Amino acid sequence: MKTDIEIAQSVELKPITEVVEKVGIGFDDLELYGKYKAKLSFDKINEVKDDKPGKLILVTAINPTPAGEGKSTISIGLADALNKIGKKTMIALREPSLGPVMGIKGGAAGGGYAQVLPMEDINLHFTGDMHAITTANNALSALLDNHIHQGNALGIDQRRIIWKRVVDLNDRALRHVTVGLGGPLNGIPREDGFDITVASEIMAILCLATDINDLKERLANIVVAYRYDRTPVYVRDLEIEGALTLILKDAIKPNLVQTIYGTPALVHGGPFANIAHGCNSVLATSTALRLADYTVTEAGFGADLGAEKFLDIKTPNLPTTPDAVVIVATLRALKMHGGVAKTDLSEENVQAVRDGFSNLKRHVENIRKFGIPVVVAINEFVADTEAEIAALKELCSEIKVPVELASVWANGADGGIDLANTVVDVVENGNADYKRLYSDDDSLEEKITKIVTEIYGGKSVVFEKKAKNQLKQFAEFGWDKLPVCMAKTQYSFSDNQFLLGAPEGFDITIREFVPKTGAGFIVALTGDVMTMPGLPKAPAALKMDVTEDGTAVGLF
């Protein structure tokens, strides 16, 4: 079997101008980055912004194994299959972060015969969005430090600066640094640190902004530090929101590429779902909804993280609500949740599938709490057996959730036809009745408690001393009505990554909060979630290379 990159490089790409004609995008609507990549102009976005939106399908998953369960692959294959059965479909995905590409993933543009192309470009620098976000973030850091160096007219307490620098790499050595060393000419020494670019609030802002003016307003509302009197300092106090918006003026425009089967794909923005809200940009999803009859999009990691945030944070910013949610499950992940060691996941174990089904069942129940119908997609792997598949289908039947096998990795659009037909049946039955888990009027404690008890299956929430003090402070500043973005391990419903399946009776501990007032939510930090990942012992980068003619090698 060919590798992902070998498959991608064997495909004869169509010019992007030709690919997007089918959804009503013309040559003058594009800002081209070569033959196969483009940004969509604001003229076109504004032209369609009042059009009636089409149907929205959200793809999510059970709690994953470290390798992931193939949400992007299923999303792409489903979109291709929907087009094949005659539904005008677009896909809206996140763009990959170079850190995980070089680290554990080795690429994140789908897999097999369900990929977005050109995958090498998408996985590396693409159209420069990550660079622009990194630059805007670090320009803010530089301007903040310069303000302090030039007299600190705002009275910023250097011990209480919460804004960090970023880089789009996994680099644990940069988590904690000291800046301003070298004497008076080089600034004032203080502790600082780096996050990965996709954890930057500017990434979240870019993905939630609806236009340039909204982007500028959100940037102005970023809290960067506190004064000596403990009042917050915003970007607007530094008067630099205009400069930051200027840096991002092209990055805010959605990127257009294609799948192997020629489905138009909007790939834009890429916040992580364990430390941010985990969804691609509102602009990309909203525009796809107005250009196509069906839009397929995804939310990062399992439904306890990405889907909850999509439904509670992103959906209120969209022109419509999801008509169906597809939960991706793999037999290997179910067996892992059923107690099987990672080394034994390729061996048949029907009982482990039954035991691990509790994880999938809870995710199904959770999505139904939002009033949205669910379809389960079994992402097929070579090691799957007929007995295991039959057991999973039987268990899904018992909780009355439709389930389809999807072999899009191996068979492309043809491997997703059954899933596409089932999704269309569910969508056209019109049973979706979306409702948020919590209201804006709920306190932060109430919102978190609802997420922990209703979605995670936990017993209660424990707030450490720092978090308790922040709750009081945030209420004084009027931030307590913002949505909550939980920063939690993706591997478990709990904050303990080793507690698999569907645990109950556990507590979730909130150690501190991070205000993301520009993005419009409050991040609650649990466990030991890192905002700057490290590299594994054998990074994917070790297998990467480029040939003399410029062909990429080793992107999975």
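Cβ atoms here come from the backbone N, Cα and C positions, even for glycine.
Small disclaimer: the values here were computed from a predicted structure and weren't measured.
Database features, via Swiss-Prot:
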{"type": "BINDING", "residues": "Thr65, Pro66, Ala67, Gly68, Glu69, Gly70, Lys71, Ser72", "note": "ATP binding site"}
Excluding its own, the Cβ atoms lying within 10 Å of the Cβ of Ser72 (ATP binding site) add up to 24
If we count other C-beta atoms within 10 Å, could you say which of the binding-site residues Thr65, Gly68, Glu69, Gly70 has the fewest? Thr65
Where does Thr65 (ATP binding site) sit in the DSSP three-state scheme? coil
When you measure from the Cβ of Lys71 (ATP binding site), which residues in the chain that are at least 6 apart have a Cβ under 8 Å away? Val59, Thr60, Ala61, Glu298, Gly300, Val328
